[in-house]
Amino acid sequence: MTSILKTENVHLYYGEKEALHGFDIEFEQNEITALIGPSGCGKSTFLRCLNRMNDLRNNTTVTGSFKIGDRDIYAPTTDMTELRKEIGMVFQQPNPFPFSVYDNVAYGLRIAGVKDKKVLDEVVEKSLKQAAVWDEVKDDLNKNALSFSGGQQQRICIARVLAVKPKIILMDEPTSALDPISSAKIEDTLLELKKDFTIIIVTHNMQQASRIADKTAFMLNGDLIEYNKTSKMFLNPDKQQTSDYLNGEFG
Amino acid sequence: MEINKKILMPSKETRQERFGRTLSFISISAIVVLVALILYFIISKGISTFTDNHVNLWDFISRQDWSPSTIGKDGKPEVGALPMIVTSFSVTFLSALLATPFAIAAGIYMTVIGPKKSRGFLQTVIELLVGIPSVVYGFIGLTIIVPIVRTLFGGTGFGILSATLVLFVMVLPTITSLTVDSLNAVPKHLSEASLALGATRWQTIYKVILRSATPGILTAIIFGMARAFGEALAVQMVIGNAILMPKNLITPSSTLTSQLTTGIGNTVMGTLGNNALWSLALVLLLMSLFFNILVKLIGKRGKF
C-alpha cells in the first residue's frame with residue numbers, strides 16, 4: 001500500500017471559531033476511505049480543505065500540512081487549477097451544468113484547451129462508461145443533462161470528474177439526495193472505480209461506509225476519534241465513542 | 001338549536017375570506033376591463049385610417065411621405081410611415097447594442113467579481129438612473145449631447161446618433177438590473193462544480209455563469225428595447241423631428257413616438273391627420289405586444 005495524500009495537524013478556523021482541532025490522517029492509493037460522523041462534525045469541511053474549496057469562503061483559515069505525494073497543497077506556488085484537476089470533487093446535490101450531457105462531460109477537457117473532436121468523443125464515451133451511465137444516455141448525448149433523473153445526473157457528474165483524469169476523487173455525500181436503487185448503482189460504480197482512482201467519501205450512511213470503504217475515519221466535533229480498517233472499526237472499534245456512535249447511542 | 005345555527009352559519013373567518021376574495025376579484029376585473037378598453041380604443045381608432053379614409057395598408061408601411069392633410073400627386077393622401085418605423089427600430093437596436101456590453105460587464109462585476117460592499121452602492125446608482133424623469137434625460141441630451149455631436153460630426157447635431165446616446169443611458173439601468181437578477185439566479189453550485197474541475201474564475205464566468213444566464217440576459221435586452229422603442233419625450237427633444245427617411249445617423253428624423261407627441265395637439269379628432277397618428281400608436285402597441293411574447297417564449301426555455 002502506498003500513501004497518496006497525507007495531512008498533519010489540520011486546524012481550520014471560521015473567523016475566530018475553530019472548526020477542526022488538529023489531527024493527522026493519511027490516505028492510501030486505490031482505496032476508498034469513508035469519513036463518517038454526526039452532522040456538523042467537520043467531515044465535509046475537512047474534505048473541502050483537500051482541494052482548497054474552502055478558499056472560496058471568506059473568513060476561513062486553514063493551517064497544517066497537506067501533501068499529495070511530496071508536493072504541498074497549500075504552498076504559495078501551487079497552481080489551483082492544476083491541483084483541482086488532480087483532486088476532483090463530486091458534490092452532495094447532483095449539479096450538472098444546464099448543458100447537454102456531452103458538453104457536461106467534455107467541460108473539463110475543453111477548459112484545459114482540448115479541441116480535437118475525436119479526443120473529446122473518446123473521453124466522453126469512456127468516462128460515461130466508467131461512471132456506469134453510458135447505456136442510459138448514449139442515445140441522448142445532446143439532451144440537456146437536467147432532463148435525466150437524480151441518480152443519472154449524479155453519475156453524469158461523476159463522469160464529468162473522471163474525464164479530467166484526477167488521481168483522487170473527493171465525494172461529499174454523493175448519494176444522500178438519491179433513492180436507494182440509484183445509491184446502490186453509484187456504490188457499485190465506486191467499487192469499480194477504485195481500481196484506477198483513490199476515493200475519499202463523506203457519508204452519513206454508516207451501512208454505506210461498511211459496504212464500500214476499505215478504511216473509515218470517525219469524526220466528532222472537529223476531532224478525528226478513530227481511523228481504522230472498516231472491518232475492524234465496525235466489528236471491534238478501539239474507542240468507546242466510536243462504538244456508541246455505530247450502535248446508535250447518539251448522532 | 002344553538003349549535004345547529006353555529007355550524008350552519010358562515011363563521012367570521014369565512015366571511016372575511018369571502019370579502020377579501022370579492023375585493024380582489026373586483027380589482028382584477030377592473031384592470032382587465034381597462035386593458036380591453038384601451039386595446040379596443042387604439043385598435044378601432046388605428047384601423048379607421050384604413051377603413052374610413054381608405055388608405056392602403058401597404059402604402060402606410062412602405063411609403064416615405066408623411067403629410068396626412070395634403071393630397072399627393074397620385075390623388076391619395078400622403079401617409080407613408082416608413083421613415084418613422086425605420087428610425088424607431090434604428091434607435092432601439094443601436095441603443096440596446098451599445099448598452100448590452102456595458103450592462104453585462106456591470107452585472108458580472110456586481111454579482112461575481114466586485115466586493116460585497118460595492119454591490120449595494122452600485123444598486124443604488126442604478127435605481128437612481130431608473131428614477132430620473134425622461135424629460136431630464138432629454139434636456140441633458142439637448143444641452144450636452146446634441147452640441148457635442150454637432151461639433152464632432154457636423155450637421156445640426158439632431159438625429160439618430162444623439163437619440164441613441166440618450167436612450168443608451170436610459171436603457172442601461174433596465175438591462176443591467178435584469179441582467180444582475182439573472183446572474184444571481186445561476187445556482188452557486190454550478191460555479192463550484194466548474195472551479196472544482198480546475199476552471200479559472202474567468203472560465204467559470206464565461207463558460208458557465210454567462211451561458212446559464214443567457215435566456216435571462218436576452219430577456220433583459222428585450223425589456224431594454226421595449227423601453228427604448230416606447231420612449232417619447234427624451235427622443236423627441238434630440239431627434240430633430242423631421243419626417244424624413246434617415247440617410248445617416250446625424251440627419252434630423254423622427255420616431256413613431258416623437259411624431260405622436262409632436263402631432264397629437266395639432267390635429268382634429270376624426271380627421272385623417274388624427275387617425276393616422278392613431279395608426280402609429282397601433283404600430284407601437286403591436287410592437288410592445290411582440291416584445292412581450294418574445295420575453296415569454298425565452299422565459300419558457302430558460303428554466304433551471
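Keep in mind that glycine also has a Cβ here, set from the backbone N, Cα and C atoms.
Those TrEMBL annotations? Automatic predictions, nothing curated.
The feature domain 'ABC transmembrane type-1' is assigned by TrEMBL to B:85-295.
Marked as transmembrane segment by TrEMBL: B:21-43 (among others).
If you look up TrEMBL, you'll see B:91-113 (among others) marked as transmembrane segment.
When Cβ-Cβ distances below 8 Å are used as the criterion, the transmembrane segment (B:125-146) is approached by residues 156-158, 162-163, 165-166, 169-170, 172-174, 176-177, 231-238 of the same chain, each at least six residues removed from its ends. Sequence annotations record features per position, and here TrEMBL assigns transmembrane segment to B:125-146 (among others).
Summarising the annotation, TrEMBL assigns transmembrane segment to B:152-172 (among others).
If you look up TrEMBL, you'll see B:217-239 (among others) marked as transmembrane segment. Using a Cβ-Cβ cut-off under 8 Å and counting only residues 6 or more beyond its ends in the same chain, the transmembrane segment (B:217-239) has close neighbours at 87-89, 91-93, 95-96, 99-100, 103-104, 107, 134-135, 137-139, 141-142, 145-146, 158-160, 162-163, 166-167, 170-172, 174-176, 178-179, 181-182, 210, 252-255, 257-258, 260-262, 284, 287-288, 291-292, 294-295, 298-299, 302.
Annotation comment: TrEMBL describes B:276-295 (among others) as transmembrane segment. Beyond its flanks by at least six residues, the transmembrane segment (B:276-295) meets 39, 42-43, 45-50, 55, 60, 68, 79, 81, 84-85, 219, 222-223, 225-226, 229-230, 256-257, 259-260, 263-264, 267 of its own chain at Cβ-Cβ distances under 8 Å.
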